[in-house]
Amino acid sequence: MSLHEKKERADETIKEMGLQEAMNTRIGGWSLKGLSGGQKRRVSICIEILTRPKLLFLDEPTSGLDSAASYHVMNRIIKIAQEDKRTIVASIHQPSSEVFELFDNLCLLSYGKTIYFGSSSKANEFFAINGFPCPYMRNPSDHFLRTINKDFDDIEEGFGKNTISSGKAIDTLVMSYESSEACLNNGRLLENKGSQAGFITQCRVLTQRSFINMYRDLGYYWLRFLIYLALCLCIGTVFHEIGSGYGSIQARSSMLVFVVGFLTFMAIGGFPSFVEEMKLFTRERLNGHYGVGAFVIGNTLSSTPFLLLISLVPGAVAYYLADVQKGIDRFSYFFLMLFACMMLVESLMMIVASIVPDFLMGIITGAGIQGIMMLNGGFFRLPKDLPMPIWKYPVYYLAFHKYAIQGFYKNEYETFTYFTNSRHAVIVTRDEILRDIFQVDLSYSKWGDIAIVLGMVILYRLIFLSIIKGKEKFRPVLRGFKYRCS
C-alpha cells in the first residue's frame, strides 16, 4: 500500500468515526485538555480498525458516547465487518435497543459462568422458556443484564410480583444452557498477519511520533530543562569562588558529586509520561503493529536530542560559573558524562516501568534504587571503607555513580595547583589526589569510565527488551497455571 493510499484510508476512517471536525486538534493529556472523552474513545477505535484486522477485539467501545454516537460508531464498525468479512468481538455494557439489534451473536456471562451463547435474536426465546420473559416495551439487553445480576438479593420473575433469588435464576439459566445442543460454527483459520511495515519504517515512525509527544508534553523535558537550568545556576554561584587552596579539593569534589547524584536523580521526573507511553505500546504491540526492538530504538532516538540539550545548556552554566578547571576538552568530557548518566537513569526507569507500572510505586522504586547506588558510589564512604559482603561487592561495582564520580575526578584533577598559607604554589600530581585522597581506580583512563557508563546504558535497554519479551512469552503460561490451580 502506497503512502497516498494509507493517508486516504486514515482520512476515511476519521470521517467514519465522525472526527473530521477534530482532525487538527491535539488529543491532549495532563497538561493539555485536547479532545473530549468520547472523542478520545472514537480515536482509539480508529486506531484499531485502521489496519483492517481479520479479528478485532473491542472492550466497551461505546463508553463515554451518547446513544446517537454509540449507534453510528457500532453501525460503521459492523458495516466494515460485513464488507471485509471480518470478525469483531465486543464487550459492551447496557447497549440501546438499536445497538443491540446490530449484533449477530450474543454471549452473556455472570461470575465466570456462561449464561447464553448463540444468536441474538433467539436470546429472548431462551429466557422466556426458562421463566424469564422480557416484559413488553423493555430493552432486551436491559432485561438480560437485570436477570443475571447477582449483586442484588432478588429479581422479578415473569410478569408477576413473585421474586426469586438472583443466584437461583443464574443457576437455572446455566443448567438450561449446558443441557441444550451446542451450536458449533465452523470458521476458517485466521491469516497469520503481522505488522505490514518493515523494521526500519517502524523505527522511523515510532521515533517521529515519540519525538512529537515529548516535544508537546511540557512536563516531560521542558519543565525539567528549566529546573535543571535554575539548579545549575545555583551550583555555579555557590561554587563560584572556592579558591585554589587545599580546601578547594573537597569543594570541587562536592560540586561534581552533586551533579552526578542530584541532577541525574531528577531524571525520574519523566516516569509518568513513560508509563503512559508503555500503555500505548502494550495495546499496539498486542495488535502486532510493531516489535519490541523498534519501540526501544524509537524511544532511545527520540529522547536523545532532549537529553543532549538538558546536559549541554545547564551543564555549561554550572561548569563555567563554578571555579573549576576550564578548557573545552574538560567541558566536553563533563557534558558527555552527564549525558550518559541521564540516558542511564532513563533506561533504569524503563526497566522499573516494565515491572512496576503504577506511577507512585514506580517513582518510589526508582528513587530507592538510585539512593542505594548513590550511597555506595564511593563519596559518602570511601571505597576501602565500604562493608565487604554486599555494599562493596557487588553494589559498589554495579552503581553507575562509581564510574561517573571517578570520571569527573580524573577529568578535574589531571593537573592541579594549590597554594599554601604562605602563598607558595605546589603542584599536586593526579595520583596523589585520586589515589591517596579519593581512592580512585587508576588502572584505566577517564574515557574508560564513560565507556562503562555507556555500556551500562546499552545493557539496561537490553534488559528492558528482555523483560518485555519474557512477559509476552510467559504471561499466557502463568495465566494458564493460575487457571488450572483455581
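Cβ atoms are placed via backbone N, Cα and C, with glycine included.
Just so you know, TrEMBL annotations never went through curation; they're auto-generated.
Taken from TrEMBL, the feature domain 'ABC transporter' covers 5-63. The domain 'ABC transporter family G' annotation in TrEMBL covers 93-147. Under the heading domain 'ABC-2 type transporter transmembrane', TrEMBL lists 201-413. Taken from TrEMBL, the feature transmembrane segment applies to 221-243, 255-275, 295-321, 333-353, 359-379, 450-468.
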The transmembrane segment (221-243) in contact with the transmembrane segment (295-321), cutoff 8 A, at least 3 CB pairs, sep 6+: yes
Which of 295-321, 333-353, 450-468 contacts the transmembrane segment (255-275) most, counting Cβ pairs under 8 Å: 333-353
Spatial neighbours of the transmembrane segment (333-353) far in sequence, C-beta under 8 Å, 6+ residues away: 259-260, 263-265, 267-268, 270-271, 274-275, 278, 299, 303-304, 307-308, 310-312, 315-316, 319, 362, 365-366, 369-370, 400, 404, 407-408, 411, 446, 449-450, 453-454, 456-457, 460-461, 463-464, 467
Within the predicted model, mean pLDDT of the domain 'ABC transporter family G' (93-147): 85
Per-state residue totals over the domain 'ABC transporter' (5-63) - DSSP helix, strand, coil: 28 helix, 5 strand, 26 coil
